[in-house]
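Contents: one structure, followed by commentary.
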Amino acid sequence: MKLQTNATGLKGKFKVPGDKSISHRSIMFGSLAKGTTRVYDILRGEDVLSTMAVFRELGVTIEDKGSEVVVHGVGFDGLRAPQERLDMGNSGTSIRLISGVLAGQPFSAEMFGDDSLSKRPMDRVTIPLRQMGVDISGQTDRDLPPLKITGSDQLTPISYTLPVASAQVKSALIFAALQADGESIITEKEKTRNHTEDMIQQFGGDISVNGKEIRIKGGQSFTATDVTVPGDISSAAFFLVAGLTVPNSEITLENVGINETRTGIIEVIQAMGGDLTISDVDEVAKSATLTVRTSQLNPTEISGDIIPRLIDELPVIALLATQANGTTVIRDAEELKVKETDRIQVVADMLNDMGAEITPTDDGMIIKGKTNLNGATINTQGDHRIGMTAAVAALLVADGDVILERSEAIQTSYPAFFEDLSLLML
Ligand SMILES: O=C(O)C1=C[C@@H](OP(=O)(O)O)[C@@H](O)[C@H](O)C1
Ligand SMILES: C=C(OP(=O)(O)O)C(=O)O
């Protein structure tokens, strides 16, 4: 598709779609609780639809009523062996978290995904799950999908220090630990998004978190409850960057999730001197309204424990840095290499093709700004965040066309992305 270029201003106010991480987990906890869970404002992106389809295949009735999704939970002991292979689509969150759910189920299943997912390492979950007594294996020494799993109803609890900063690995182990015989202790490398821990409490379960150390007792059961999903700050990120960089812009995003494990991008925008205001903070729902206006930007350094709090935003943050006056350095972000694409290389290549000056490094990027951007042909390579970053970059291109190939990847997390963007065009 041909992207809109040379935007002269973006103005408007709207709500971004529901948080992807919370949407996945609402289906998982709703299924594993006993009783009826109603989920409001769920994201209907392809990744979440994959999680819904998998739980249906595991015997859970899930109804989409438009205004809400109703999950008729069956409890940990009510899941049934699937008749079909479980299709995880493009979703790392689905395959990894569901591995932890299936770890405690006394049946066999096979999980597979698309070309991108089939290149992503699953050894980060298979190694600790094997220690708990699960029979799980994939392809090559990195356990790439497809993964075959036979769970056990006599899981050994685990004491495990995560070698990577990953909420997906942490959550997979939490789901397994909830089904084990005894208490497990999981220690994080860095603090990562804590939606699983929050939802255990919301569904009446018990978890203790002390800094990076998490303790979970096995043999728990959950009670159904209603969940309202806040807007996804990772989706909001594209409009925050667009509003800061396109001249003559003011964009207001309502009801954006501001869980403290997700707000790294707000800190980066503030450090760069961006004009961002936060209003209508709802402490209980952990949401707020964010407003950005066109700004002169300073460079910054992004490294250390902030990285997991903005990991999915780094592609569009790299674009933001191309518009700052000076050199921005991103470090400690080697996890970007094992996302839907190698996001260090793909982001650097894409933005350099458009005229940026980015040097990819082993664990991040060095970005020299401020650069003008030019037209180019970009292929998402099946990565939704590359597609949306390209669409925001195109707005800054004064001359030339930007052609986006494989734009359908954006359906993964933001099906209405282009409609929402067009609402802002002056
Ligand atoms: O737990 C989650 O919902 C997610 C965790 C992160 O992945 P990692 O755990 O691999 O860092 C993130 O990149 C992904 O989009 C969603
Ligand atoms: C990395 C992502 O998702 P997942 O790991 O679930 O595929 C993402 O949404 O950017």
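Start at 1 and count along the chain as shown; that gives each residue its number.
Glycine is no exception: its Cβ is also placed from the backbone N, Cα and C atoms.
All TrEMBL annotations are machine predictions without curation.
Straight from TrEMBL, the features:
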{"type": "ACT_SITE", "residues": "ASP312", "note": "active site, proton acceptor"}
{"type": "BINDING", "residues": "LYS20, SER21, ARG25, SER166, GLN168, ASP312, LYS339", "note": "3-phosphoshikimate binding site"}
{"type": "BINDING", "residues": "LYS20, GLY92, ARG120, GLN168, ARG343, ARG385", "note": "phosphoenolpyruvate binding site"}
{"type": "DOMAIN", "residues": "8-421", "note": "domain 'Enolpyruvate transferase'"}
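Around the residue listed as 'active site, proton acceptor', the C-beta neighbours below 8 angstroms that are at least 6 residues distant in the chain are SER234, ALA237, LYS339, ARG385. The CA atom of ARG25 (3-phosphoshikimate binding site) is located 21 Å away from the CA atom of ARG120 (phosphoenolpyruvate binding site). Listed binding-site residues: ARG25, ARG120, ARG343, ARG385. Those with a CB atom under 6 Å from ligand 1: none. Checked against ligand 2, the binding-site residues SER21, ARG25, ARG120, SER166, ARG343 give no residue with a Cβ less than 6 Å away from one of its atoms. Closest by Cα distance to SER166 (3-phosphoshikimate binding site), from the binding-site residues GLY92, ARG120, ARG343, is GLY92. The Cβ of LYS339 (3-phosphoshikimate binding site) has 20 neighbouring Cβ atoms from other residues within 10 Å, across all protein chains displayed.
ARG120 (phosphoenolpyruvate binding site) has a Cβ environment of 19 other Cβ atoms inside 10 Å.
Ranked by Cα separation from GLY92 (phosphoenolpyruvate binding site), the binding-site residues LYS20, SER21, GLN168 are led by GLN168. In this structure the alpha carbons, written CA, of ARG120 (phosphoenolpyruvate binding site) and SER21 (3-phosphoshikimate binding site) are 18 Å apart. Put simply, the two farthest-apart Cα atoms among LYS20, SER21, ARG25, SER166, GLN168, ASP312, LYS339, the recorded binders of 3-phosphoshikimate, are 19 Å from each other.
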